[in-house]
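Working notes, beginning with the structure itself.
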Amino acid sequence: MMWRLNASGLDRDRLHLLLIVHTYLCCLGDCLYVTDYFTRTPRKLNAFRSFASVELFHFNVPDDTVVAVWNLITFKEQGGTFGDSCPDRNVTVYFRSGAPPIINPLHTRFPHDTMVPSVFAVTLTWTLPNRTTGVFNVTSPLPGDWFLAAHLPKDEGKISVKGLYEECQYLFQPQLIVQRLIGISVLYPGYFIDQMIPVHNRSVLYKIFVPNYISQLKVQLADCSTRNKSTESCPLLLKIRARAPPLHNSSSVDCQEQSICELDMPLHSWEQWYYILVERYLGNVDVYFRIRVRVKDCSKASIIKGSSAFNMPQSYGNAMGTSSSEALPVSGLPSLSWNGSAQNPFLLSGDSMAYLGLITDTSKCWPIQPTLRNELDTFSVHFYIFFGPNISVPPDRATVFAINLMPVLDSGGVLNMEVRLNVSSLKEENITVFGCLNHGMPFSLPDNSTTKCKSESVTGFALSVNGTSNVTKLRIPYPQTGTWYLSLRSLCATEHGFQACRNVTAEVYLRTYLTPCINDCGTYGQCKLLRTNNYLYAACECKAGWEGWGCTDNSEAYSYGFQLLSTLLLCLSNLMFVPPVAIAIRSHYLLEASVYIFTMFFSTFYHACDQPGIVVFCIMEYDVLQFCDFLGSLMSVWVTVIAMARLKSVIKQVLYLLGAMLLSMALQLDRHGLWNLLGPSLFALGIMTIAWTLRTIRRRRCYPPTWKRWVFYLFPGIMIATSAVALYAFVETEENYFYIHSIWHMLIAGSVGFLLPPRAKPTTKVPPMQRRRGCGYQLCINENEEMGPVDPAIVTINSICTS
């Protein structure tokens, strides 16, 4: 693999990639290859909080691919333009074949009994103000599904108001260029084929398909020569690898010191292509050789005495569609005699070149029992065992079960397995049941097995149960699709280790199922079903400070006391609306008081339902509570400002009703938008300003007219409301949300108590009849000021009644 950064243009990047690919391919032979190009739509990256905040990309690498090059493009945007002023933030990209990568950038604890496979990870650093490009090269990648996960580093968790300022966006776009060989020669088991490596080639590549129930693969090279002259040694290097062309660390053998070169390879995957690479040492000469492939076929294991025959194929040839002896015509093929005994599993019968591969291998080919798949929901699948769930593990052989995961569909969940030992079936024997879960083919458990489940070619997940610890569990997040095999073997503990038991059959309870998340993310998490293009996967989103893949890491978790305190702060802080309600009722602002009561009620119960921990109380659906809380908050601002405008009663009521309808519509469009708050507020302030200005012009004096109203009411109310908005918009974060938002509640409620105008007194007028009867002076006051009783010094006599 190779990783490098390149900040040049995209066309130059592609040219460099093609040059790298071309140089590699010309070492393989005649450069018969095709180029495929794949790209994905750019997506906005998020700061990492959990896997639910990661952007996932899905690619498919074709078969016979010799090199795959990912071109990783990251660029900044701000307000629809290039974000040259945006700060540089590292972008981490993870790669995994077969299933989405399981990442842990925060180094949190995984749930117990969870197996975590390894992944590739690279970090992109910026080389230009607004763009950077990286190249990730994988030589001979495994074919099939590949997944890329990208995210930004974890931030401080600032809560920003949507639309307040142009946010810096970091976009990521992966592109894939693959080069795959065409026309690779296909080998068939049991026959020698004459081959040659021409002088202008360094190597030659073959492939052979290995179906089910094959335990071993052997490749033989013979009759090496140069320019039709035999040599004592074979100047060739032989390599084998499953699923993709061999690499430098693949299984290999040096044939220079051997006249007949053989390479045995224990298999670790069925139903796959195996690639054979033959490289030469000598230069400037043509190298001739003969190559043959042999396999151990154990599909006749069902003839073993006492074994079951669940779902066993009849022969290797049937798996290929035709029998081995009928696969190729014998006539015309070169023959070669081999020395060997009748016990040689790869013995040839005379010179007929017929293949004898149906070998009973009792150590590796136990009967495989299938499971019944029962789909309940998305990523909710149960695998039932025939005649189960209680199964018997005999003492003389292993019991093997096959679990088939559907391609792509099942890789986005969690594979769960539980094994429980029936202690009463042990008959007071010190028996341990070992298990090994492998992908691709079952693992061979020898008689002296230990808890390890690993060999040179196979690595699986081990589990064991005994009389002391009779229950074990295993969880595999994002498992690879295909067939998984569970091998169970009962062994007895002795002074010299574990040995095969005698006449004691252990009984175990096996439960296997697929779930979206581990334990449904527990008490402090929510399992979310996510989608990227047409691929579905599930991930946990934790709360209340809990972290980890299954929300089980409580190192930063909130205590119960803190959760209770934060809930009480957010709920009881709404009681600050009680004084404004009392002031409004006392001043005969009954409509305004009803709005404040509505806001106080729904804000209290919304925050009681919105808590991340277990101190939660919901009187109705969360969405309804949230809508009513936002509507009440905006309506409180609206009615307060309109009341300050001192409009006629009919106009004021019309504006109240119109504001309620328009605010409801705006909240349905976007509840977190900035203009949902600023729009109504600015419109109401405009109405109030116009009303105050007209009143000031008509009366030729500033309105409100008294300095006490400005100093003791308006100015404090404006300062309190401004402070509340500043805290809400610039200070509030996820860590201080509980007390900053509580302060916001109290400040907003307090500002309403200062800004709400005093009660308007009715206008005093003399009735016409009274005007005719009396004679004297009449005080006619057209408008009442907002501040208490009227000063007699400023009262004018508008009319004098005379008899």
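The count begins at 1 with the first shown residue.
Cβ atoms here come from the backbone N, Cα and C positions, even for glycine.
Among the ranges 577-596, 637-656, 737-756, the one that TrEMBL lists as transmembrane segment is 737-756. Only one of CYS501, CYS527 is recorded by TrEMBL as the disulfide partner of CYS517: CYS527. Note: TrEMBL links CYS551 through a disulfide bond to CYS542 (candidates: CYS542, CYS571). Per-residue pLDDT, averaged along the domain 'EGF-like' (513-552), amounts to 91 for this model. Broken down by DSSP into helix, strand and coil, the domain 'EGF-like' (513-552) contains 4 helix, 20 strand, 16 coil. Nonlocal intrachain contacts for the transmembrane segment (675-694), taken as residues 6+ away from its ends with a CB within less than 8 angstroms of a stretch CB, comprise 161, 163, 630, 634, 637-638, 641-642, 644-647, 655, 659, 662-663, 666-667, 703-704. Rounded to a whole number, the distance between the Cα atoms of CYS527 (disulfide bond) and CYS542 (disulfide bond) is 9 Å. Every protein chain shown contributes to the tally, and the Cβ of CYS527 (disulfide bond) ends up with 21 other Cβ atoms within 10 Å.
Cβ-based neighbour count (10 Å, all protein chains) for CYS517 (disulfide bond) stands at 24.
Within 10 Å of the C-beta of CYS542 (disulfide bond) there are 25 other C-beta atoms, taking all protein chains into account.
Cβ neighbour count for CYS551 (disulfide bond) (all protein chains, 10 Å cutoff from its Cβ): 28.
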